[in-house]
């Protein structure tokens with residue numbers, strides 16, 4: 001409650017309160033440390049004077065030792081929080097805030113492939129494998145009555161095997177591509193102006209496909225809020241982080257030149273002027289959740305489909321208000337950031353709104369060319385979309401008689417898809433078999449094992465059989481689905497309201513999907529009970545949140561099918577346009 005009330009206080013008072021809190025923590029920590037030193041004086045003096053350690057010395061050392069440990073923790077927390085607050089204050093007053101981040105003090109940014117898989121592989125494969133071996137040895141092999149549910153611990157080394165595969169892929173990518181660099185020609189990037197850069201990638205001339213490399217510039221809002229799980233003594237409060245896409249420009253670019261180190265890929269985007277500036281210093285999830293503020297990130301990514309292993313690089317780049325507009329538009333930019341931050345307010349209705357947000361508006365992603373491209377120095381390197389067939393290997397298009405068309409999305413039988421399938425099958429079988437033995441010890445435990453086992457096996461079946469066929473001909477739309485890919489069915493083409501290109505996922509994995517939307521029929525609430533529940537929620541959560549939920553339910557109800565897992569925006573747009581043209585032609589035929 002105090003956290004919520006504090007949000008209504010002026011920022012200056014809130015900052016003073018945070019400083020006082022840091023001083024209070026420091027005072028408590030220093031007091032505990034002084035008390036511990038006083039309590040340790042006599043036993044340590046005895047040891048020093050006698051030259052021997054009494055047998056009962058550990059008891060008088062335990063309490064002061066704990067006090068000293070806690071005191072040091074309090075002092076460390078106080079100093080860390082105080083220094084962080086001072087850094088945030090200094091950044092807000094800096095004329096060039098991007099210089100506060102060490103990586104942005106130079107116009108050359110570097111990307112190194114992640115090495116975190118090694119740590120997780122060691123923990124799960126090494127530690128988990130050792131733990132699983134010890135449990136199986138004691139509970140099954142050497143036990144008089146084997147406890148077969150103990151085999152469930154094999155999930156830990158199994159997860160370790162999966163992570164080992166990812167580590168090998170990361171190692172191969174690192175050995176193959178090394179360190180990529182981005183040379184920013186506009187440092188920093190400016191809102192309302194053109195962002196220019198060149199990415200040095202270790203790619204040979206004959207490796208890039210005809211459609212070049214995919215280049216994206218994205219703006220994200222990073223926010224967090226506290227969520228409470230459990231109840232009673234098991235209640236736990238954690239900060240949940242979320243990255244929401246605000247804008248994205250995307251192009252296919254071919255290299256402007258090659259040298260001994262690889263390809264030089266140009267980057268050029270017209271940055272919109274109605275987006276927030278970058279946050280100079282990344283703030284912790286707890287800080288964002290406590291203050292209700294948001295970080296804003298501008299991320300440059302380059303991807304290329306290559307033989308063997310794909311190329312990927314990521315750079316967080318600084319984007320700020322233009323020098324010419326700082327005096328006139330600086331207030332507007334700050335106001336815009338506050339508007340975005342206000343979306344993470346702590347009212348109950350906003351909690352629901354926060355959970356319901358999805359990055360799915362087609363207009364959020366464009367070519368990054370809201371204005372004419374006459375001032376684009378790299379326009380000649382843009383690969384214009386001239387698709388005659390899908391890029392994705394699991395999607396095919398067949399032309400039917402007249403303007404008819406059939407789009408067929410086959411199951412993902414790639415190496416990645418097969419790996420996910422194998423993991424789900426092994427985990428599902430293990431949980432299902434383990435439930436048989438768990439029922440003997442505890443019915444609830446057995447039921448939980450069985451439930452998750454069935455869910456995993458169903459997910460594996462859906463992954464292997466997931467298939468969508470959309471046929472548009474003879475004035476009708478025929479959608480055949482399998483594996484939980486949508487509602488399906490046959491209906492007149494006149495009932496199609498729209499065919500959208502949506503974006504799903506998060507900052508680390510954003511995919512596109514094509515959704516076929518029928519005309520709305522009702523509000524998505526087919527029963528009196530559902531309407532009653534929604535009315536009750538409206539009284540508790542507010543009309544805005546309830547309206548948002550009804551809108552989402554209606555949209556989900558009328559979305560009959562979707563083709564997902566697309567990584568290329570140009571391909572998704574092209575397939576959607578082919579379907580739209582066929583539907584419009586069949587509407588006229590009908």
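Using N, Cα and C of the backbone, Cβ positions are placed for all residues, glycine too.
Your range for region 'Disordered', going by TrEMBL and the list 261-290, 291-320, 321-350, is 321-350. Within the set 42-60, 61-79, the record from TrEMBL flags 61-79 under the feature transmembrane segment. Looking at 386-404, 443-461, 462-480, the stretch flagged in TrEMBL as transmembrane segment turns out to be 443-461. Residues 117-142 are the range that TrEMBL records as transmembrane segment, among 117-142, 169-194. Of the candidate ranges 20-41, 86-107, TrEMBL annotates residues 20-41 with the feature transmembrane segment. Listed as Cβ neighbours of the transmembrane segment (61-79) (distance under 8 Å, sequence separation of 6 or more from its ends, same chain) are residues 22-26, 28-33, 35-37, 39-40, 43.
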